[in-house]
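Accompanying notes for the structure given below.
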Amino acid sequence: MSKIQPTPKRPARKTATGTATARSATAKPAPRKRTAKRRKTLLTPEEIDRLFASLQKTDPEPKSELEYVNPFTLLVAVVLSAQATDAGVNKATRALFAEADTAQKMAALGEDAVREHIKTIGLFRNKAKNVVALSKRLVAETGGDVPRDRDYLETLPGVGRKTANVVLNVAYGEPTIAVDTHIFRVSNRTGLAPGKDPLEVERGLEAVVPDTYRLYAHHWLILHGRYICKARKPACDRCVIRDICKYPDKTA
Ligand code: SF4
């Protein structure tokens, strides 16, 4: 797994009245959207601190289990990982990234060849289409770079808020929390950040995760959900946050 240095490049986004950069020089700043951070947690601040300290102890510097060599290959791997396991994605991307590790090479490789590489992954037809389309967009709009810009990333084919958050966190070290099925489950079961949908949980986590734990919170919660607080049968007997968790149906 390579360490990636953040690149500050942030291309101007197209707007109805020109690029965002050009517009900002003349227009009045838009009023800031109210993003009230609601503290909707069943845990006390002391319990939240203890929860993350315990997860940190088990894995001080967690890494993504997806294999990638640069922000572009990370972006592609995350797009491919929807409804697929990281191990399954890695198996397919090793050969794919050996052939195409940049947007330019991926666009040139084309949809048929990408489809052939990833045919063992669920939804591979649509994913191949999206990977080639997003590569072409990057080549045309950013010279192939993956911008450190959530709004822009979310405009790419196959890229939603969760994927953009993962890229910003893993490739660029931003303290974003991408709520996937594991984080959603752990946040609700423990009472850390209950919510009825991923966005509500994300907002809840943003409001309660202490700054010191923000960078790795995403990984700790995913890994905890994947290996301990599993969907069907949580391994509560091996859980390091068992005494903090508010789940009423613990297994032991
Ligand atoms: S005690 Fe059980 S339900 Fe609670 S976080 Fe741990 S594994 Fe999940």
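A Cβ is built for glycine as well, from the same backbone N, Cα and C atoms used for every other residue.
What TrEMBL records for this protein:
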- 1-43: region 'Disordered' (REGION)
- 14-29: compositional bias 'Low complexity' (COMPBIAS)
- 30-41: compositional bias 'Basic residues' (COMPBIAS)
- 80-227: domain 'HhH-GPD' (DOMAIN)
- CYS229, CYS236, CYS239, CYS245: [4Fe-4S] cluster binding site (BINDING)
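All protein chains shown were included, and the count of other CB atoms within 10 Å of the CB of CYS245 ([4Fe-4S] cluster binding site) stands at 21.
Most Cβ neighbours within 10 Å among the binding-site residues CYS229, CYS239: this distinction goes to CYS229.
Over all protein chains present, the Cβ of CYS236 ([4Fe-4S] cluster binding site) has 17 other Cβ atoms lying within 10 Å.
When pLDDT values are averaged over the domain 'HhH-GPD' (80-227), the model yields 96. Remark: secondary structure over the domain 'HhH-GPD' (80-227) totals 100 helix, 0 strand, 48 coil, with classes taken from DSSP. The Cβ centroid of CYS229, CYS236, CYS239, CYS245 marks the [4Fe-4S] cluster site; residues of that chain outside this set whose Cβ lies within 8 Å of it are ARG189, THR190, ILE228, PRO234, ALA235, ILE241, ARG242, TYR247, LYS250, THR251, given in sequence order.
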